Amino acid sequence: MSAQLRAAAAITPAARRVISGPAAVRRFHHYHHLPTGGIQRVEIAARGLRRSVQFPALANAYHNNAVIVRNASFTRLLPKLALKFIRVPALFGGMMLGAVGWVQYQAIKVSNSAQEFYGNIKATVADTAFSVWSSAVDIAEQTKRGWENTKNQFEIPEWLDRIMKGEGLAGEGSGSGEGGPNGGPEPPRQSRAGAATVAGASATVYGYGASDNDDRTPEEIMRDDNMMFITKKMIEIRNLLQKVGQGSTVTLPSIVVIGSQSSGKSSVLEAIVGHEFLPKGSNMITRRPIELTLVNDPEAKVDYGEFPDLGLARVTDFSLIQKTLTELNQSVPESECVTDDPIRLTIHSPNIPDLSLIDLPGYIQVAGENQPRELKRKITELCDKYIRGPNIILAISAADTDLANSTALQASRRVDPRGERTIGVITKMDLVEPEKGAAILSDRQYPLKLGYVGVISKLPPQSGLFRRDTGNLLASINRNEKNYFGSHPTEFGPDSGVSTGVMTLRKKLLQVLEQQMSSKLNETTEAIQRELEETTYQFKVQYNEQPMSAESYLAASLDDFKHQFHEFASSFGRPQLQTLLKDALDQKVLDQLAARYWNRPIEDLSPAPREPDNIIDLPKADPDSPYWHRQLDTACSGLTRLGVGRLAATVAASAIQQHVEKLLDKSSFAKHPSARKVISDAAATVLADRSYATSDGIEISLKPYKFDPDIQPNEWAQGREHVVGVLQAELEQCQAAMKALENSVGGRKKLKEVMSFVDKARKGEIIVEGDHPSGAGGFSAALLARGREAVFLRDRADILSLRIQAAKSRQCKTLTNKYYCPEVFLDAVATKLAQTAVLFLNVEMLNDFYVRFPREVEAKLHEHMHAGGGLEKFAREDPKVRRHLDLIRRKELLETVLGKIEELHRISSGTAGTLGLRGAGDLKKRIGAPSSSGRRSFF
């Protein structure tokens, strides 16, 4: 323990005693953590020194306690403290200087690296720009010289010359304006693109970029452009033929892609397209055929895809296309695994050729644990369905597997034993030795007339923090293939006799598809002509050449419905409304009479209590009887205050809605549930809009009658005559109900026995205690319930008969005896209410409905028909109309196909002269040019 700490320890007891006394004002607590050496000890000594000199009370403590402190020597303590206080700032200062020096060193190092990096980038960009500019100048000069030679050697057709001069558009260059320098016609404007654009239309498709040398001759460039154009037209014709629906007799070939799951089939398709868009996964992903149509669209700014069957257009995100394809494939149940329902996808891009491809599920050797056993057979049957002629087979095989075990080649051999329409594609060429790869491509054991093409369609995995740009997939694959195949010129060079590269595959596919389509065009044209003749004949015989479209059918149906509605409006007016409302009020009158006068319910078999005032005694009752006065006043008040306004609006709306439904049943909309619902909802909407206002107006107009009905003598006479018929109808209903009860219990005799037992019990002749579930008197509980109901109906019928006689009697002839004839009075009140209410109904609801309903129907139908193809769906709901529309559509499509074939022939005839004698002959032969006799071969 140092001297400082011992001094502090000696002072502490005295200080503690002083602080604990009454004069103590505060207590100091000191905590020392982590003694780290001299610095901490210096601070502790300083705090001990401050405690010893800070409080004056310590002086008294020294005298009172006689404590001797020997080692409290300031002469030794102060120099050490000063030395340590100087050492601490020096230590921190040294650390600060070191940190500043290190930061400065790192800053200088980063600055030098940035300058070096910037210099490298600057030099690289300058070199690249100079190289690109030099290459562009060389290409432009070479193209210019080649085009000049081509113009001297070949005669340019008129249509091509017009395009090059900017005269190809209709209406241009034919005006008589004074735009020329001398006031004459303005000379034709030259095309900005020039010959280079026309001649290089296929350059991007075949992979010739700005930095590549297009080694094709002008003749080859022209031939390739024509081939692309013809293929585009052929694919358009093929798509039209698919819409015709005659795939068995009228068809053009497509390219069917087959291969095992591990052969790299998806990678080849993505390399051809230039985007990753197919589903990925270790398990089988492709469960439905994918009919892929590639469209070369020079006007497209970005690549995009379309799903015509789903209504998805211009999907520029290919990851979304991949997700959509995955979901469509996963929609197939696991138990089914594969289906022949195709997924149609169209991809537009300026960098792809016009091709028609079909991607099929990959072949498997053994079904998985969660897959059905017949999966292998289903996949084989599905592939066999598509690889039949005239489709072109793209058989994908991996280079690291023996061709003898290639499932794709085995399948193609079954349907194409001579290999005339099969292209072999060998993937993963970089996984085998170059000599072995070249031997596979030049294979003679499994020869194909269209040959083999070796590709490296999948890029090697890239390490590092940055992922490769998938948007430029084709360029990356092309660069990778050139590096690999170029490093082995002996095996894969121009003189090796083998075909390699995705670009070569794209060109071969385009050539083969064009040749196959052209070779089938004659046969297709003849089949189309036969189909068109048959369709025209059926159209004339069945429909008398009457044109029809979905729009015309809807218009005709709507006109017919409107005509029927106008006939209904002219026959349904105020008299009909008053009759309906009076019938509804008659039922309310009967309800009031039954509640106040007629009801004699039989709840059980106990004796009936005696009634002092019976309806049977009403004709002889005192004319000033308060009971009968109160009964009539209560019934009248209940009738006028039951809500006649709402009742009238409801009755009118229900009647109109029912008539609209009847009109729909008779119209052509009866065969169209969705359109019928739209019209019915439109009627309900119009009626509901006016219901509240109409009922409110009726209640206001009927308010005086709630206090004084003010019945006139003529109204009394009409009510007396009308109520007899109402009571007679009620009596007939009671008799019909009694007849139904007789049939339900087994006859009139049985019912009379039960009724007799009930009458005796009600008179007290038979004592029945309670209503036992087992019955009484030998009758079951259900039979006794029927008996009580029959007694009630009998008593009601007797009362109705008496009241009919009373209404016809002299007593009910005048209004002064209204208390003796409540039926007549209430009927007269109901007639007055109906006459007043129908005035508002006719103006506020009926007339408004007749005006608004036709407009509402047109608006709602227009909205419904133009939502999601509703118009076409509406027309095709009628089987007869659907057959009519299908026949017309079929006829129009066949005519369009023949027109496109004729256009294709005219264009090919115009371009044949630029291809030389041999090329012209080949082109005419492929697409059916006119024969030497002047008659076209396929016409």
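In case you wondered, yes, glycine gets a Cβ from its N, Cα and C as well.
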Range among 111-114, 427-430, 499-502 that Swiss-Prot annotates as region 'G4 motif': 427-430
Of Thr286, Thr339, residue recorded by Swiss-Prot at the Mg(2+) site of Ser266, Asp359: Thr286
Among ranges 276-279, 308-311, 456-459, 888-891, whichever one Swiss-Prot labels region 'G5 motif': 456-459
Among Cys734, Cys812, cysteine joined to Cys821 by disulfide in Swiss-Prot: Cys812
Summary of DSSP states over the region 'G4 motif' (427-430), given as helix, strand and coil counts: 2 helix, 1 strand, 1 coil
Long-range Cβ environment of Ser266 (Mg(2+) binding site), under 8 Å and at least 6 residues apart: Leu278, Pro279, Lys280, Thr286, Asp359
Sequence-distant neighbours of Ser262 (GTP binding site) in its chain (C-beta under 8 A, six or more apart): Gly362, Ala398
For the region 'G1 motif' (259-266), residues assigned helix / strand / coil by DSSP: 2 helix, 2 strand, 4 coil
When counting Cβ pairs under 8 Å to the region 'G4 motif' (427-430), the leader among 259-266, 359-362, 456-459, 549-703, 710-809: 456-459
Folded-back contacts onto the region 'G1 motif' (259-266), same chain, C-beta under 8 angstroms, at least six residues removed: 278-280, 284, 286, 359, 362-365, 395-398, 401, 406-408, 427-428, 457-458
Three-state secondary structure, Thr286 (Mg(2+) binding site) (per DSSP): coil
Averaged pLDDT score, the region 'G1 motif' (259-266): 88
